[in-house]
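Here is what Swiss-Prot records for this protein:
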DOMAIN    5-69  domain 'J'
ZN_FING   136-218  zinc finger
REPEAT    149-156  repeat 'CXXCXGXG motif'
BINDING   149, 152, 206, 209  Zn(2+) 1 binding site
REPEAT    166-173  repeat 'CXXCXGXG motif'
BINDING   166, 169, 192, 195  Zn(2+) 2 binding site
REPEAT    192-199  repeat 'CXXCXGXG motif'
REPEAT    206-213  repeat 'CXXCXGXG motif'
């Protein structure tokens with residue numbers, strides 16, 4: 001399903017000011033927030049609104065979106081890597097129309113092989129504990145990636161040697177090829193397979209990188225994890241991808257987070273949930289109970305007559321929003337626990353309570369014979 005235009009999502013014009021964008025976002029996010037709107041589809045609508053605001057409220061992202069739309073140059077939406085298990089890191093990219101045209105006609109239009117090209121982007125999967133994701137942290141990672149060859153400094157030739165005119169294409173950087181196609185015999189030009197379009201070849205290739213200009217090494221990087229990141233979210237480390245070609249910029253490294261669940265809380269976005277068991281006397285008479293929060297412990301007042309399923313909301317006791325939109329809430333869900341083992345004295349008190357409440361409790365199990373006698377006696 002195609003994404004809707006971000007301006008359409010927020011109901012604003014393409015020349016809307018920042019204040020108009022913010023005003024539209026606040027109005028719509030309040031209307032479709034999952035805690036307020038329980039209608040089907042409200043959650044997805046809220047995510048769509050948040051995604052649109054994240055892009056349009058940022059000058060650089062907005063300018064890029066206005067120029068390229070949803071599909072470029074890096075795409076938008078924060079969650080760009082689905083839920084797949086990446087298992088470490090890998091390069092990613094893809095060909096455009098020119099590549100398809102080239103493969104079909106045996107050449108066709110060719111990009112300038114000597115033009116600067118950005119290096120490949122990489123992805124790395126980082127596992128975080130619940131606490132690391134909530135409070136942020138700094139972690140050192142080790143990845144294997146292509147880096148500029150230290151021996152030849154990316155030139156590809158052995159130091160002290162020079163390059164010469166390519167013997168295959170005579171320095172043209174491309175060669176003529178004739179192929180049979182559905183349109184008949186077609187003569188096209190292709191990038192020279194020997195010099196890759198440079199028009200030159202080495203007298204002697206670099207002994208370290210064998211002419212590639214890059215070598216694969218293990219690199220250590222320090223990654224600053226922001227507060228409030230959630231599972232499947234990612235951050236971009238600009239320039240930490242593969243080296244560029246022909247003087248082009250390096251690609252980027254995308255760090256995708258896998259967050260382990262908490263043993264204490266259940267997370268839903270920026271909100272967290274805590275299950276609190278209370279005894280029958282506490283629920284009936286009321287009490288003050290100490291409960292955990294993300295930073296410390298607080299006293300929660302349980303009113304008399306509290307029932308199972310009652311939920312208490314502690315505002316802004318949740319997780320800090322990763323984009324800086326305040327804090328989520330802490331929800332405490334109550335479960336009244338029925339005692340399973342009672343002393344004789346406790347049983348007497350419970351029976352007395354039942355009698356005062358007008359209830360008759362028969363806690364003596366009867367066998368089939370006794371039940372049959374009472375049945376025929378009309379009891």
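Cβ atoms are placed via backbone N, Cα and C, with glycine included.
Features recorded in Swiss-Prot, as mapped to the structure shown.
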{"residue": "149", "record": "Zn(2+) 1 binding site", "DSSP class": "coil"}
{"residue": "166", "record": "Zn(2+) 2 binding site", "DSSP class": "coil"}
{"residue": "192", "record": "Zn(2+) 2 binding site", "DSSP class": "coil"}
{"residue": "206", "record": "Zn(2+) 1 binding site", "DSSP class": "coil"}
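Listed in sequence order, the residues 150, 151, 153, 154, 155, 156, 157, 205, 207, 208, 210, 211, 212, 213, 214, 215 complete the 8 Å Cβ shell around the Zn(2+) 1 site centroid, once 149, 152, 206, 209 themselves are left out.
Geometry remark: residue 206 (Zn(2+) 1 binding site) versus residue 166 (Zn(2+) 2 binding site), CA distance 17 Å. Listed in chain order, the extra residues whose Cβ falls within 8 Å of the Cβ center of the Zn(2+) 2 site residues 166, 169, 192, 195 are 167, 168, 170, 171, 172, 173, 174, 175, 193, 194, 196, 197, 198, 199, 200, 201.
Looking at the domain 'J' (5-69) alone, the prediction's average pLDDT is 85. Of all Cβ atoms in the shown protein chains, 22 besides its own fall within 10 Å of the Cβ of residue 206 (Zn(2+) 1 binding site). When other Cβ atoms within 10 Å of the Cβ of residue 209 (Zn(2+) 1 binding site) are tallied across all protein chains shown, the result is 22. For residue 169 (Zn(2+) 2 binding site) paired with residue 209 (Zn(2+) 1 binding site), the C-alpha to C-alpha distance reads 23 Å. Sequence-distant contacts (6 or more apart, same chain, Cβ under 8 Å) of residue 149 (Zn(2+) 1 binding site) comprise 156, 206, 208, 209, 212, 213, 214, 215. Cα separation, residue 192 (Zn(2+) 2 binding site) to residue 152 (Zn(2+) 1 binding site), rounded: 23 Å. Cβ-based neighbour count (10 Å, all protein chains) for residue 152 (Zn(2+) 1 binding site) stands at 23. Sequence-distant neighbours of residue 195 (Zn(2+) 2 binding site) (same chain, 6+ residues apart, CB-CB distance under 8 A): 166, 168, 169, 173, 201.
Counting every protein chain shown, the number of other Cβ atoms lying within 10 Å of the Cβ of residue 169 (Zn(2+) 2 binding site) is 22.
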